[in-house]
Amino acid sequence: MAGMQTSPPPSASQPSNRRAARLLPLAVGVGTLCAGLIATALVWNSLRTSHDRQVHAEFDYRVRDLALRVVRRIATFEQVLRGAQAYVVASPLLPQVDEFRTYVGTLRLRQFYPGIQGIGVSLLERPPGARPDGAKSAVVMIEPLDAMNRRALGFDMFAEPVRHEAMARARDMGTAALSGQVRLVQEGSGPGQPGFLMYLPLYRGTPGDTATRREALYGWTYGAFRMLDFMRGLNGERESDLHVTIYDAAAAPENCMYGCDYRDGAARLDTQQTLRIAGRHWILRVRSNPVFEERLASQQAAWAGVSGIIVSVLSATLVWLLAQGRDRARLLARRMTEDLQRSYERLGLERTRLASILENAHDAFVAVDAAGRITYWNAQAARTFGWPASEAQGRSLRALLFHGEQPELDRLLTLDPAAFDSGHGDRLELQATCRAGDHIPVELSCSLVERGGERELHGFLRDLSAEKAAAARETVRQADLHQAQRALHRAQKLEAVGKLTGGVAHDFNNVLQIIYGNVQAACAAPHSPETPRRLENALAAVDRGAKLSGQLLAFARRQPLAPVVINLARVLRNVDELLRRALGDGVELATIVEAGLWNTLVDPNQLENVILNLAINARDAMDGNGKLTIELSNCVLDDVYAASVPEAIAGDYVLLAVSDTGAGMPPDVQERVFEPFFTTKPEGEGTGLGLSMAYGFVRQTGGHIRVYSEVGVGTTMRLYFPRTGVPEAQQAAEPTQDVAGGRETILLVEDDAPVRETVAGMLRTLQYTVIEAGGTDAALQALRGGAAVDLLFTDVVMPGSLPATELARVARHLRPGIAVLFTSGYTQDAIVHGGRLDPGVQLLSKPYRRDELARKVRAVLDERSALPPADGAPPMLHTLRVLVVEDNDDLRDLTCEMVMALGYQATGVGSAEAALTALEAGGYHAVFTDVQLPGMNGLELAHRLADDPHLSVAVVTGRALGDELPPGVRLLYKPYRIDAVEEILAQIQLARQDDGDPDPD
């Protein structure tokens, strides 16, 4: 045993080496797997971080855009409110409610400015001796005056601390001030919406510091806003992406103004900004919604993670298999390569999808580096501006598209983050130049992007040409609409004429029926005791018809006025007693007259009728119980007011305001209140001509009338009369005693035989000698026959070769010292111009009573000695004969009447051809020709006649002719007055006398 050799025992390290050899491939595979997973985690984290940055960038852009929209909307509303402030401050007095309503109505708040509940005026009321905190500020006007806004009228804003604080801040700073969160008065008792208000102070003058501002303050203009309406549409088309909450002053639940329904959850993105708006801080908190995160979700990081894990596993397996066998390693390597290739293809598809979105965008997209060079240029940019991407990239965006001074664009191209973080300036409207040289308007919307430490500007350029063209088409459409409205107005005017004719026929037929019935009954029983009463009824009907006729003439501005310079306070005193009797005991009458009241030029008698008419209308509107206030004050109307009221002319006026506390009138009644025969009274209680007469009288006087009425409050009529600087005229007392007749001889000229017979009988009962003539020709024959006539009493509108005015001139020449009295129911502007009788003219308006006739005839005869002597040669005895060429019959007849009224002879023709024919017969010294004529025009006729040394030519036109007028031809501009015609005829007559021109006959 001892000699046997034994082998050494196995070493303890050998089994360990074998185990290590077996575990080495596994360890290498695990190590490879760990390395791959670590690399995958790094790539996944990098892609996820990049995606998060993009999502945050989009989120931040949306937040900045929203904040910008909020600030801009507030700024826009502030400008609207400043316009109202300027309108109120520019008014010499506080603008009336109807004027303020018209102004606010033109803004169309509901259509163009969503969120503005209303614009109002609040006046400061500081009782004498009250402490500063005892002041009040009540809302006196707010528009639009709908059911909600009506609740705010009279509300004392100083009584509520939040409003008071904003009003005080606006007062002291002189700028717009936003209030804190309030519940608007307009909300009533319902749940309503949170609201806020913006105030702008109203100062007298332009104070410079806080103390003077407080002293000069007399009120505020303010805007009331409902928060939900204010925010509507501000979050853009993808409103569901984000949840927006707005707090006032601090982010506390009790300060929440908008978006308060958010339920706390795990919002991925949540940010908060402080907006300083009109001295107030708003906290804007924005949270992302799942729809926003889903829209921007990207699978790129997930694909990279999955791919990395797969690659790592495959790589580890490959390494392990390589350690196990070469063939298996080759197979696994090929599969791994294929998987990697598919992963990269998926990544390429993702990039292609993003590029396709940009290439197919409807707007041009550009990317610009820090040097201002274009790094990306999509297909729409190439189509819009004409530069392909190959030529545009690498060039300066500024030099390529935007020429000239563009300071806002230059500021953005600096890529300074401050230019983008300021909340404005990243959306500009610019003029771009295309490759062809055309200029197009574009809107640039851009943002700043940082990649790898480098900055780029990414921007969309939208072509605004189509929008501008649409706006131009809208302008044309509005013009067409205006033309259609004018056509409608013409049709309505014709309808109004028809209604007026029917009303006149109705009322005059009633008058005629009364006269006819009573006179017929008196004729049937002349000795009946009822006959005097029936004749009195007929006379009363005549008075009623005369009053109706006068009201119609007043509305048509054709009644002859006798205006005098007077202070309206005197008129009001004269009519005071009559007013109190007409109003009765149930109506309280208050009169307010401003000290230093200006004078005006009016017919006091007609004005008294207007005041009485307005007072009676007010009494009826109050059912005999209420308060009537008549105010007289000075008023200065500026150009802004005149532009808003078509009938008004800027200047100084005396204002007569008549206010009642009646039921008021709805808008549809106010629109028709001045229409003839329109009345809201029961049948038989009014003619509907009272306000029509007032309107016509005020317009004929040179003023205008405005009506303001509110249902349940009352009505105010404002009559504006132009101021005159002439001292007040002394009013002569009217004679009241009966006037006897006389022994003078009167030439009565009247074409209506029954009227002539009736008037002649009345004059004869007054002991006058009467010579009757049925026309001007017969009257002229009587005068030339040597009749000793003391008074020519003639109707204005008469048949015959002479107008009545010309007959008067001839009578004064033939019988110097003869008195002339005209009578008419309608003067046809023959002796009345501008609503006033011509100087020296005496008129007795039809119909008239016997005592009125006696008094007027006696007064005219007694004043004969004051008449000036007859002047010049007898009318119609001039040798000058005038040919009037005018295709409009009315204008031709009117011009001929003017020429004959001036004592010349006139003949009218309707065309230039007819004029040449008439001139060939001879006998004419002058030609008046219109320019627009059928066939040969007036200028051609003037050129043909200019060479005739014995013929003077005057061209009548409404436009400037310049070099078109032949030498030596005179010019008469339309519209022309008789004095202009007289001047030209006098020049022609004088030239003929100087030249010794023979008669053309």
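Any Cβ shown, glycine's included, is placed from N, Cα and C.
According to TrEMBL, the feature domain 'CHASE' maps to 139-285. For the domain 'CHASE' (139-285), the model gives a mean pLDDT of 87.
For 350-405, the entry in TrEMBL reads domain 'PAS'.
Per TrEMBL, domain 'Histidine kinase' is recorded for 503-725.
If you look up TrEMBL, you'll see 745-861 (among others) marked as domain 'Response regulatory'.
Marked as domain 'Response regulatory' by TrEMBL: 881-989 (among others). Across the domain 'Response regulatory' (881-989), the DSSP tally of helix, strand and coil residues reads 45 helix, 25 strand, 39 coil.
Around ASP795 (4-aspartylphosphate), the C-beta neighbours below 8 angstroms that are at least 6 residues distant in the chain are VAL749, GLU750, ASP751, ASP752, ALA804, PHE822, THR823, SER824. The 4-aspartylphosphate feature in TrEMBL is assigned to ASP795 (among others).
Around the Cβ of ASP930 (4-aspartylphosphate), a 10 Å sphere holds 24 further Cβ atoms from the protein chains shown. The 4-aspartylphosphate annotation in TrEMBL covers ASP930 (among others).
According to TrEMBL, the transmembrane segment annotation covers 23-44 (among others).
Look at TrEMBL and you will find 301-323 (among others) tagged as transmembrane segment.
For the domain 'PAS' (350-405), DSSP puts the residue distribution at 26 helix, 11 strand, 19 coil.
Helix first, then strand, then coil: DSSP counts for the domain 'CHASE' (139-285) stand at 41 helix, 52 strand, 54 coil.
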